[in-house]
């Protein structure tokens, strides 16, 4: 027994040593926790003990379950701590009894936890019509009921903790729990096994029985599907992802086909393995957007149809006038026919795309599709036929006869029935009770006709919320439709009619159809329709910003913008701190009833503080306890600033509240509040020297801080003078008598009549001199005595208005009694200089000196912009709707989880010293960017003993690496930030647990040791040590930080320095835990995988392993980040969990607000509590470069403000990878924090929000707390990030989540969802399509001759004018208005306007245009072809110059080729358009295209370090030529894409190898546009002689054939003779050249060909060649093994060489011109770095 106890005491634990009850661990001081451990043990007394395993007395319920059901021992240990800590924290939150009166277990807390944990299981049982296996007996609180509830929650946690990848299948876990709970019930009820006649035993009994018998078979199914899907590269419709397998358990099939226990060899399990797609089939097509959001497109199409019908009658200016015409009314009714047609299209699309769900087992799904199609076709046919009958009768009768009206009435009745059926179907879908009724009835017909899903049944919002977002969208739609009708559709009617009426068109092209210019009309309307379809996104953005500004104002965001605001409201800030952080009891709050947070519309009061109804500052002075507690918190925040090196020691003194003050009558405010106030008071008193005391005092008291400065200065001077004079000597008595005289005059109101106010400046100057002497490094007593004597003389001889004789002074005690003494210096022997090492005295002297002397304004104190921003935000946030923090023991426990792969942990010495090609090192870069921080760091190092700056690379190297790493995007920075939560909890516990009397006696700060995880409470008083233990225990129980370093085991094995650095972080952060997956090799090449949790043990001074839980196989079956999170989440604790990425940071002042934030889970928003608390981000990389600033501005304006509105009023905020806080238990049972299926869930974070919304969760957004986040700072990094996000959005558009939300949300929330997710990216594509359509339409008009004919007929020359004008108006509204409005909330309108102007000057529109191209390219390609993949950006500093080759590889297909195409269109249009002579009209139609070309070509070089340097440009082109020639002229693929053009070229077309038939078909159709250049230009050549015959175009292909044949001959000759017989190769080249020359001569001599036609011919035939190459790439699989493919590759190389040369031309010109390099550097980097470089 003693040996067992010894083993238990030595057992490694995670947070609390639950098995070692004799431990003095601080958490075990909690009686709740101890009693919970006892309850778990005593609950096993009456239970049947498991066979085949010895039972020990220290075993508890979890051991009992583990032995019976085959769970792993470490899984049981992990979940034991999980359960105990969770219940203990719940008990602490719920109990109201004193600490000593604690029951064994709070039944209410257990009941609440059980209901929440098993809520999803209960819903699942209800959905399937199954009876729950959770059997509860007796009443609440009965021991049997408590035991059963403990068993059920423990069983679920044990299942969840060992399910590995199956945690992504929540309903699969429900299925497992259902059967295992049944087995548990049979064990508890002592069932007898009918087969053996023995007491029933679970099927998973035995060591690792659950893992091998349940988890592994299901895991292998998932793994098999991943292999079938080729890790996501196969089409989604060909394999089952996590969602498909999970949704198998949404139907009764899982009970009918998948039996229990699981048997892999059984027929039923084989059916499960071979089951096809379940619930949804993902297919790549743009039609998925129509299918998912069909109501949006239906609305837009129907309004467009109706608007065109109404606007066609131009004699009516307004639509309501036209609608008075009956014929127009009837024409508008055709919208019902269109509606039914779109409904049929939707039904057909659904059938085509989802036919993969139909199988022999799911035949009813196919039947349902057929029935839906038949019904939709019948409605479309009926409405169409009866509508046609109306017009047949009307045309026959030539009037609206009675028969025609009768047919019209019948049609209206039919349309009404159609509408009512649609509305009733929608209404019934929002009634869950109706759905549940059908489930209970179990009608097969309902299953045949209805498609039921487990999710999406609880999407309703309350009427108040519905009214808000409905009003929002009604306003948007009204604006959009008004704009569209009057400025889009109506202006297009007249040009359309003119084109219809245009006759005798001199067509310059061969016309295939003579239909009154129908093609031209279609091309003219096409860009307008595109704008009409996408501009709802623009109006949504504009209204979002307007509403966002209003919401921000009413939430008091930006009320404190600068130090001036902070000075005005600092006393109110103190009270808010006391209230929000529970520093004093509720009854002690001085102004609770008048708190400005009680009025949501008090922003108007905040604007003018004089109108703010609040108590006078004296009320705070009467509550010194509150101020002292506030001082502790405030000073800790300022100290944290100093530790981060963003402020200096001097600034610390200016910002801190003094710990010990020489005055107690007023609050010793931070000095930055008191700056110059004493000087202002002196000036006022001197101006009013003869005024009475009351008036003088009233003048001073108008400013509260001025009053405090005067009183503190007086009290401090009095204290100082009496302190530096020896006691019990005459001089001390004289000074005391003098102050008594002054005090009496002040009390009686005779100060101004007794003393001469004009002498005060002299006294002030004398005091300054005295204080300067005392503040010196060496204090001369003689000089101090002399200064005191001078001061005494001024006061005695000049200060009194009534001059006194020496005798009178002696009588009043103001002069020495000894006359001899009077002849010398009074104070030469009275001086008592204090110890120079007395820090308190020195600090107070410095404070007094600053009060007396400061004349400079302290508006910019602290000088650090980051420190000012953080102080302002923290102070402002407390005036927002921040919940009051509960007592520390009632704070919700929470965890932070950070997934880490292989990023930087700490910058190494080599990385800091490494220089780029221009001699700039990373450290120099950081020293220049953060120059003030570097100075503060060096100051701190000198204080810590550094003598020489060279020591920074030796003894202080670790500090240097940390300083640099804290300014990058490293794991060290993230860990430091997240550990602030632990410090914050300790600080709050310190303020709460220490009795108030100790603060009153001067105990004002916890000390650095208390908040430092790396130190113990050594040297403190016994009470403080006790408090330290309590605070330490609270921090451990309430907070856990887990970093999922999935490669940590591998890094340790190969001695990677990153492993050592991670270990260093663990050593210095007690609450930090590292989890990783350990791969262990076994015999015969087998491998085992374990999920491992480690920590740094302070007693043994080494890293120790806490838990090792075996996995069924490799964990990384899906996307890396969610799989990493999934394997680590079992080691987290608490009721909430915050997801933090590796590039995020946190601050102590923000961490203090986490307890307040967690209280939001108890609030009700709408109809439900939140399940995700969305938080705001601050981009800390915004000052690094202009690109970083652009990203920061985009984050602030387009993300922060947008999410504010998405949460309220739109109710569609999701999770976007931000530092959101999740309801951990809620998500634990519903699939985790993200989804992980390959490719489809590449943007894994947002699927957590989708899943949350579909399952009835609620996402809110809170801006009173912010977390730091880094963004990519280089253009290539940003582009890769944008590509990843855009590709992820393309995959989202295919997903079942988006489809279900789009089809199940109400209409207005559906609109919000579309425009805030995939719609944003789709509309980016439509913007590009609009430009393409506009330019190609213009080109057709010019080449066809329509423009010339219209110009000759004096018709409307500029058919596309309305399109361009609309684009201009919307562009101004979109780019200018939102940025200014949103920035004005927190910065003020002038600062926002200035920032907006600077953004324009730094070419932000160029960058945003370039980013739009990135998003549109990758979104469209992914949606059509796939190919989405994770892009690692590196998150480093953009110091390296990116070569032309690298930029070409990145942007050739996404930007350069498209820009060159647009440039070619504009060039050809310029040549052949008759509008060139009309300069304004020509510029009006082409300026957008040229701006786009310039942005897409020049951005990679403008935003590239030294991108316009001439020497680098020359070297880059040489490198490009070398790259494009490498391994290319013959041979296979060799090397990487960075080394070989051919490898890169093949990689660029990988998406075409995996795309489907329709993707290839559409790609071919789109590439046919390149042939139009040849078709349009050849008819304008002189050789065509004006002919429009089709033969001209066909003959032009003869030239291409001839050129192709000659190219083949040259290529053949090159391969055959170039290396062996070079003379023959040259001969072939000469012959080819001669033939070309002869052909040209023949053409000139015998045809109308002119040499001037040569350039247009190139413009015609070069695009044709590119079109042929592009189409050949689509058919690569068919021609790759033929000789033709080698020719295609050769031609493609020549084209890329041509494209690269064209792109290089403008870059080379700009690099050659003087001044552009300097301007480009100033645009790219901030001013501080520019000063350091140029």
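Our numbering is plain: 1 for the first residue shown, then up by one each step along the chain.
Backbone N, Cα and C define each Cβ position, glycine as well.
Note that the structure is predicted; figures quoted are calculated from it, not measured.
According to TrEMBL, the feature domain '1,3-beta-glucan synthase component FKS1-like' maps to 147-263.
The transmembrane segment annotation in TrEMBL covers 296-312 (among others). Sequence-distant neighbours of the transmembrane segment (296-312) (same chain, 6+ residues past either end, Cβ-Cβ under 8 Å): 290, 319, 322-323, 328, 331-332, 334-335, 338-339, 342, 481, 484-485, 489-490, 493, 529, 532-533, 536, 1310-1311, 1314.
Marked as transmembrane segment by TrEMBL: 332-349 (among others). Among residues of the same chain six or more beyond the transmembrane segment (332-349), those with a C-beta under 8 A of the stretch's C-beta atoms are 287, 290-291, 294, 297-298, 301-302, 305-306, 309-310, 323, 369, 372-373, 376-377, 379-380, 382-384, 387, 411-412, 415, 418.
Non-local neighbours of the transmembrane segment (369-390) in the same chain are 330, 333-334, 336-337, 339-341, 343-344, 346-348, 350-351, 354-355, 358, 404, 407-408, 410-411, 414-415, 418, 448-449; each lies 6+ residues outside the stretch with a CB under 8 Å from one of its CB atoms. Residues or ranges marked as transmembrane segment by TrEMBL: 369-390 (among others).
The feature transmembrane segment is assigned by TrEMBL to 410-431 (among others).
Residues or ranges marked as transmembrane segment in TrEMBL: 540-559 (among others).
Sequence-distant contacts of the transmembrane segment (1318-1339), counting only residues of its own chain at least 6 positions beyond either end whose CB sits under 8 Å from a CB of the stretch, comprise 289, 293, 523-524, 526-527, 530-531, 533-534, 537, 1286, 1289-1290, 1292-1293, 1298, 1360, 1363-1364, 1367, 1412-1413, 1415-1416, 1419-1420, 1462, 1465-1466, 1468-1469, 1473, 1485-1486, 1488-1489, 1492, 1569, 1572, 1576. What TrEMBL lists as transmembrane segment is 1318-1339 (among others).
Per TrEMBL, transmembrane segment is recorded for 1481-1503 (among others).
Residues annotated as transmembrane segment in TrEMBL: 1561-1578 (among others).
According to TrEMBL, the feature transmembrane segment maps to 1590-1613 (among others). Listed as Cβ neighbours of the transmembrane segment (1590-1613) (distance under 8 Å, sequence separation of 6 or more from its ends, same chain) are residues 510, 1574-1575, 1578-1579, 1584, 1624-1625, 1628-1629, 1632, 1635-1636, 1639, 1657, 1660-1661, 1664-1665, 1686-1687, 1690-1691.
What TrEMBL lists as transmembrane segment is 1625-1648 (among others).
Only residues 6 or more beyond the boundaries of the transmembrane segment (1654-1675), in the same chain, are considered here, and those with a CB under 8 A from a CB of the stretch are 1461, 1464, 1467-1468, 1471, 1549, 1552, 1560, 1563-1564, 1567-1571, 1573-1574, 1576-1578, 1580-1581, 1596, 1599-1600, 1603, 1684-1685, 1688, 1691-1692, 1695, 1698. Marked as transmembrane segment by TrEMBL: 1654-1675 (among others).
Taken from TrEMBL, the feature transmembrane segment applies to 1687-1713 (among others).
Among residues of the same chain six or more beyond the transmembrane segment (1561-1578), those with a C-beta under 8 A of the stretch's C-beta atoms are 509, 1336, 1339-1340, 1343-1344, 1424-1425, 1461, 1464, 1468, 1552, 1555, 1584, 1592-1593, 1596, 1600, 1656-1657, 1659-1661, 1663-1664, 1666-1667, 1670-1671, 1674. For the transmembrane segment (1687-1713), same-chain residues at least 6 beyond its ends with a Cβ under 8 Å from one of its own Cβ atoms are 1444, 1448, 1452, 1456-1457, 1460, 1497-1498, 1501, 1507-1510, 1512-1513, 1517, 1520-1521, 1524, 1528-1529, 1541-1542, 1545, 1607-1608, 1611, 1662, 1665-1666, 1668-1669, 1672-1673, 1679. Residue counts of the domain '1,3-beta-glucan synthase component FKS1-like' (147-263) by helix, strand and coil are 80 helix, 2 strand, 35 coil (DSSP-based). Across the domain '1,3-beta-glucan synthase component FKS1-like' (147-263), the model assigns an average pLDDT of 90.
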